[in-house]
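Encoded as structure tokens, the structure appears first; notes follow it.
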Amino acid sequence: MMKLVTWNVNSIRQRCDHVLDYLAREQPDVLALQEIKCATDLFPADAFRKAGYECTAVGQKSYNGVAMLARQPFTVTHTALPGWETTPPQARYVEIRTGGLVVGNLYLPNGNSGGSAGYDSKLAFMEALALHARGLLQAGQDFVLMGDYNVCPTDEDCAPGALPPTDALVRPESRAAFRRLLWLGLTDALRALHPAGRFYTFWDYQAAAWQRDSGLRIDHALLSPRVAERLLTALPARDERGKPQPSDHVPLAITLADAMA
DNA sequence: ATGACCGGCCCGGCCGGA
């Protein structure tokens, strides 16, 4: 069995102990982190190495930043999303190969800041991601694309009144771009196992969102066809949000059966 | 009910987040 987890930690330096606790308790094979919010050399790799994980971080001062932790050796296949460039650069993608899988870790632009250019950049990221996924499919590669997509795919993924209909997370163009990923043949792991119901991964720090369960499902794991056949479980770790000094996102964990020989 | 928070930056409020 293989366990893969995605978690937007909203600063790894603030959340290092939470992550170490999670690793000790849940023993994931791969952990994809987003919003580490530090330069690469400030990523606390030593702490994770002591816990039995090799790391690679693609950092950036103050904003964004992604990192991968894995128990087995891995190779880094990309440190940026092919076909998506900005000036200055933004650390929003890292990809590794481990355990017979390519695992892409993404932090999609929110799309609410920077006016129409900011929103266009979000759509451009999604278009580049679709092209990249298509290439992996054509190469016959088994893969998982997991991370903070900053998209609520349907109304059921958004608590009533949590966002106005004009918000970049729920706009029709954002949802259409997410559906295009599914139309390539990718499987939304959570919905494959739980077709209906509330499975939020984010609750805003503001307006008592957690206490009111005013959440969003915006963190996702998309699976290539053969990987989807191996899917056993998919669930957000809701309890993380109730802990002291939590991230506003919780981990989303999936487990896969071993591949057929 | 985005009124209500949080983190980085580097000490004073502002930017970005979703």
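Cβ atoms here come from the backbone N, Cα and C positions, even for glycine.
Here's what TrEMBL has on this protein:
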type	residues	note
ACT_SITE	A:Tyr107	active site
ACT_SITE	A:Asp148	active site, proton donor/acceptor
ACT_SITE	A:His249	active site, proton acceptor
BINDING	A:Asn8, A:Glu35, A:Asp148, A:Asn150, A:Asp248, A:His249	Mg(2+) binding site
SITE	A:Asn150	site 'Transition state stabilizer'
SITE	A:Asp219	site 'Important for catalytic activity'
SITE	A:His249	site 'Interaction with DNA substrate'
Cα-to-Cα gap, A:Glu35 (Mg(2+) binding site) vs A:His249 (active site, proton acceptor), nearest whole Å: 10
A:His249 (active site, proton acceptor) to A:Asn8 (Mg(2+) binding site) - Cα separation in whole Å: 6
All-chain count of other Cβ atoms within 10 Å of A:Tyr107 (active site): 28
Cβ-centroid neighbourhood (8 Å) of the Mg(2+) site, A:Asn8, A:Glu35, A:Asp148, A:Asn150, A:Asp248, A:His249 excluded: A:Asn10, A:Gln34, A:Tyr107, A:Phe202, A:Ile218, A:Asp219, A:Ser247
Integer Å distance between the CA atoms belonging to the residue listed as 'active site, proton donor/acceptor' and the residue listed as 'active site': 5
Of A:Glu35, A:Asp148, A:Asp219, A:Asp248 (the recorded positions), the residue whose Cβ has the fewest other Cβ atoms within 10 Å: A:Asp248
Conformational class of A:Asn8 (Mg(2+) binding site) under the three-state DSSP mapping: strand
Nearest of the recorded positions (A:Asn8, A:Asp148, A:Asn150, A:Asp248) to A:Asp219 (site 'Important for catalytic activity'), judged by Cα-Cα distance: A:Asp148
DSSP three-state assignment for A:Asp248 (Mg(2+) binding site): coil
Neighbouring C-beta atoms (10 Å sphere around the C-beta of A:His249 (active site, proton acceptor)): 25
